[in-house]
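Here the structure comes first, spelled out in structure tokens, and everything after it is commentary.
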Amino acid sequence: MVNSIHLEPRQHCRGTVTLPGSKSIANRALLMAALCQTPVILHNLLVSDDTSRMREALNALGVSFEDDKLITRVNGLGGGWNKPASELYLGNAGTAMRPLIAVLAATLKNEHQAVVLKGDARMHERPVKHLIDAIQPRGAGVNYLGETGFPPLEMTSGLKPGDFEIDGSVSSQFISALLMALPLLPGDSTLTLKGNVVSRPYIELTLQMLSDFGISIKEDSPQCYAIPGGQCYQSPGEYWVEGDASAASYWMAAALLGKGPVEIIGVGKNSIQGDKRFAEVIEAMGASVSYRKNSMTVSGTGSVQGIDQDFNDIPDAAMTVAPLALFANKPTTIRNVANWRVKETDRLHAMATELRKLGATVDEGEDFLRIEPLKHWRHIAIDTYDDHRMAMCFSLVAFSSAGVTINDPGCCAKTYPDYFSEFSRLCHS
């Protein structure tokens, strides 16, 4: 494994890039397909660490897969697991851990069908307490095997329909998990969201996909959902996994710094992903964007406008703004991103630390970063904290006069294994 990658200074970025399939869509699609009673053909399924963990878990529950080039056939079990494994290892895949907690609570048949969910060291630091607190009062059998509120944990049966409440301010994955699980219960349920809901576009993504898989949920208000019970996931026959809109943000930023044009294939005006809205951010920072149905083209002048913006809806893509801020004409403030602290690493602290190593002046608050433009560049090695987004974000520093070294670039295998080879292809001096 390459321990670091040295990026010489770049001035230009142009060409065409095809995005890998979205991790968020891929893992939802895998689980929904596994809950269907008839096969589902998935197209453009991302092959990465996170999707591999979900596939391995579903396979251990009895689901089988058939791969043929860019097509994956999922032979679902309709929610009735065939002699499920007693332990599922999910690495650091939050998009696997959180929904499986809820779905297993809804589908395991008896107390003798216990399943342990565990992950790597970082996963055991990522909170699930709000999700567990939502399902335990309705009968879900959950035993913490380590620190209370965190994996590893043991799941057994018992979840009953009824009224559910959950704090929406920590992670939208908890809400998506319940939306996927509650339709499987024998009776009707309601789900009420408390607090300031974070990453709402990911909830909208889940609702759209549930509809595609035959599940009906009524949104009584932005904070309350009526969920009929006794539903069955219906195979759509074939399902296309969109390109990763979060990954598109790096190419939009590179096109702004390197002038472009860069055609980004896989996400366009018809995308169901909230992170497509990053295109509006990059326009505010000085880029020009033209949209098509499933692609967009981005160009820039090399000049970056500083911004002050609330990123509650698109926190993942918001990370890309941080390195861009170093090139800006005035300070940039990234607001309302408290949930960065419960991601693959504490992203607020990690981002501030690495920006300061470059020499930047950074104000780190509980839920914001304020970043001053950098006047004098120096070449340093960026630590990535086993976080794919840290690695990809800081690749943009290669557009400085000093270049940059990225430690542990292999962490990009989580969502974008080919990122640095694509970066070298499109970005040059």
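Placed from the backbone N, Cα and C atoms, the Cβ positions cover glycine too.
When secondary structure is read from DSSP and collapsed to three states, Asp316 (active site, proton acceptor) falls in the helix class. Cβ neighbours of Asp316 (active site, proton acceptor) (same chain, under 8 Å, six or more residues apart in sequence): Ser246, Asp275, Lys343, Arg389. The active site, proton acceptor feature in Swiss-Prot is assigned to Asp316; the stated evidence is sequence analysis.
Swiss-Prot lists Lys23, Ser24, Arg28, Ser171, Ser172, Gln173, Ser199, Asp316, Asn339, Lys343 with the feature 3-phosphoshikimate binding site, giving sequence analysis as the kind of evidence. DSSP assigns Gln173 (phosphoenolpyruvate binding site) to a helix in the three-state reduction. If you draw a 10 Å sphere around the CB of Gln173 (phosphoenolpyruvate binding site), it holds 27 other CB atoms from the protein chains shown.
Annotated phosphoenolpyruvate binding site per Swiss-Prot: Lys23, Gly94, Arg126, Gln173, Arg347, Arg389, Lys414, in sequence order. Non-local neighbourhood of Arg126 (phosphoenolpyruvate binding site): Asn92, Gly94, Met97, Phe150, Pro151, Val342, Lys343, each in the same chain, at least six residues away, with C-beta under 8 Å from its C-beta. According to its DSSP assignment, Arg126 (phosphoenolpyruvate binding site) is coil.
In this structure the alpha carbons, written CA, of Ser199 (3-phosphoshikimate binding site) and Lys414 (phosphoenolpyruvate binding site) are 20 Å apart. When every Cα pair among Lys23, Gly94, Arg126, Gln173, Arg347, Arg389, Lys414 is compared, the largest distance found for this phosphoenolpyruvate site is 19 Å.
Close to Arg347 (phosphoenolpyruvate binding site), meaning Cα to Cα within 10 A, are the following binding-site residues out of Lys23, Arg28, Ser172, Asn339: Asn339.
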